[in-house]
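Presented below is the structure to which this report refers.
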Amino acid sequence: MTPAAAPADAVPVLTRPRRTVVLPALVFAALALVPAGAFALSAGYLLDLFTRVMIFAIAALSVDLLIGYAALVTFGQAAFVGIGAYAVGILASHGLTDVVVALPVALLASGLFALVTGFVCLRTKGVYFIMITLAFGQMAFFTASSLAPYGGDDGLTVQERNTVLGLPLFEQPLVFYYVVLVALLVVYLLFRALVASRFGRVLRGAKDNALRMTTLGFQVYRFQLAAYVIAGMAGGLAGFLLANATEFVSPAYMSWQRSGELIIMVLLGGLGTLHGAIVGAAAFLLLEEWLSALTEHWKMIFGPLLVLVVVFVRGGLIGIGAALARAAGRRGPRG
Amino acid sequence: MVRARRGSAVLFTCRELLAPTVRRDGQVCDPPRNRLSPRGGGRDATIAAVPMSTTLLVVQVLNGLQLGVLLFLIAAGLTLVFGVMDFINLAHGVQYMLGAYLAVAFYGLTGSFLLALVLALAAALLFGLLLEAAVFRHLYGRDHLDHVIATFGIILFLNSAVKYVWGAAPLSLPVPEALTGSIVLAPGILYPVWRLVIIGSGLAVALLLYVLVSWTRIGMLVRAGATNAEMVSALGVDIRRLFTLVFGFGAMLAGFAGIMIAPILSVEPGMGDTILILAFVVIVIGGIGSIRGAFVAALLIGLVDTLGRSFAVDLLRLVMSSSTARTVGPALASMLIYLLMAVVLYVRPTGLFPAKGR
């Protein structure tokens, strides 16, 4: 994953292998130790909170794959999360509660939705792409709201978490926590490998200059569509886990605000770094948790904070870390 | 929402006027199922036989126009800011919300709608300029994503700040005394005066904008800026001042939309979020940077959304069973405009009237 002879215009992350190993390792080590901390402090809610953080981190990773590596700014990623969640909810309401059924259905449904919508969306560029993904996200939202047999606007309660081959493993918070952690790790490693592969290099090449990649003989559209479907399935996985974590499914999972939050998480952490998405999701949700405990009007603090981060910090939290780490004023990962 | 009263013409109740009701969480509600088709019963039988009576059609077209001009007022500023400065301003919706709140506040102080209108407009303009100077000025030329995150932060702040200052409960603004009630458009067709005032003022603003943009020096610079801002700057125009001007004007238009709609819609936090997305749909369909496109697309969206919500169930009933139509209809009506946008972008990937000469 560390090509020594990276092309001159490759994302600089790849040319600095040490940082891309150390920081993610630290992040995952910290996540693995959260349950120990939760028990030491006898703060059981921490387990729930960080389960949530990791689930959103998976969704944020899928957003980072598209925005950070393919310059496909998607404003409808929450739809895939919702589809994954609804797969769990709808199957459960018909008595199908095993992972063996629910997970493949969640992945296939979200992947299929990505394939069909991506086919249309990828015809457009830039801002128009943002808006057309938003349009499909809203269509999914309104479809979910109209599913009268499955709760409609009010959403759907999932009676019990999915079983694993008949065993109620997900019911134990600690087991479920590590299941989510493993899922996050798998998605992260998969994306890391994907980004470093030939496939990833074509995507990044098209991000910088789609015309050049086309003239080099790559059918950019196909690569982008594949990336869109992969990201959609990762979103579906996040939805699958979210439905299990909250034992509730609602159209609100697909709202455009949720899609916006996913983008913010990625930008907050640092775009085009992958582990930045995890850090961003954690920062966003922990800040939300902490500030909302502080005051009911926490958004009055959170909003200006976002503005300050954008105006004064480039490259998100990872960017700050990188800037601090490198005393010499070289360019951050965003470039 | 429109309620058909049996035996007389269509009447309205004050708080139920805008076709899509906007819920607290910012989502557009489905219209109550079947609200336009009377349920059984002797006297209704004649109406049921002609579900799309002319009266209803006329009224709904007018409602659609009203939503359309409202969207235009918001989209005009948005498309200019987007087209001229290449700046994605998600905070445009909260400026609309702020206009409504300011109108309520100034009305409470002065007791006169006209005074409230003038003061709120001035305050909206001032606030827009302040926001531009404090935040947006630092972000021109940056990545679009930076715009998104910063203006999203402003949305969070203002939605919350409004709740902090005025409370979470919806506020209301009375319709000006002289403009209450309805007038008879044609025998059997009554329509509320205030809605006609909204349509009229929206069309007036459209005309004003047309004159400004097509026939004045400022308008020429704005058009040139939308096509190629760098070139305009290179020709010696103070592009920063133009930006500030356009931004302030856009904020004032959004505020104006908020003020005009306040008498018929509940004024509450988050009311700008839904309208913002609709306005984005409008400018994307119209072509970013094009006022003409925004106008056409706004009326199109207003009409499609309103008529879709009114007649989707009845139309679907022609091709499917009544109960299926009642389930599918409202969902289809809600997503109709997004469907329209997807189709338009599929056929014309840069909107109907692309302004950029690329």
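For all residues, glycine too, the Cβ spot is worked out from N, Cα and C.
Sequence annotations record features per position, and here TrEMBL assigns transmembrane segment to A:21-47, A:53-72, A:79-96, A:102-122, A:127-148, A:175-199, A:220-242, A:262-288, A:300-325.
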Worksheet entry | Among the ranges A:53-72, A:220-242, A:262-288, A:300-325, the one whose Cβ pairs under 8 Å to the transmembrane segment (A:175-199) are most numerous | A:53-72
Worksheet item: Among the recorded stretches A:21-47, A:53-72, A:79-96, A:102-122, which has the greatest number of Cβ pairs closer than 8 Å to the transmembrane segment (A:220-242)?
Response: A:102-122
Worksheet entry | Residue numbers, six or more beyond the limits of the transmembrane segment (A:53-72), whose CB comes under 8 Å of its CB atoms | 11, 31, 78, 80-81, 122, 129, 180-181, 183-184, 187-188, 191, 194-195, 200, 203-204, 206-207, 224, 227-228, 230-232, 234-235, 237-239, 241-242, 245, 262-263, 265-266, 269, 271-274, 276-278, 280-282, 284-286
Worksheet item: Are there residues at least 6 beyond the ends of the transmembrane segment (A:127-148) whose Cβ is under 8 Å from a Cβ of it, and what are they?
Response: 72-79, 82-83, 86, 113, 117, 120-121, 251, 254-256, 259
Worksheet item: So, does the transmembrane segment (A:300-325) come close enough to the transmembrane segment (A:262-288) to give 3+ Cβ pairs below 8 Å, pairs being at least 6 apart in sequence?
Response: yes
Worksheet item: In the same chain, which residue numbers or ranges, 6 or more beyond the ends of the transmembrane segment (A:102-122), come under 8 angstroms Cβ to Cβ?
Response: 72, 76, 79-80, 83-85, 87-88, 91-92, 96, 129, 132-133, 136, 140, 162, 221, 224-225, 228-229, 231-233, 235-237, 239-240
Worksheet entry | For the transmembrane segment (A:79-96), sequence-distant contacts whose Cβ falls under 8 Å of one of its Cβ atoms, 6 or more beyond its ends | 59, 62, 102, 105-107, 109-110, 113-114, 136-137, 140-141, 144, 147, 150-151, 156, 158-160, 162, 231-240, 242-244, 249, 251, 253-254, 258-259
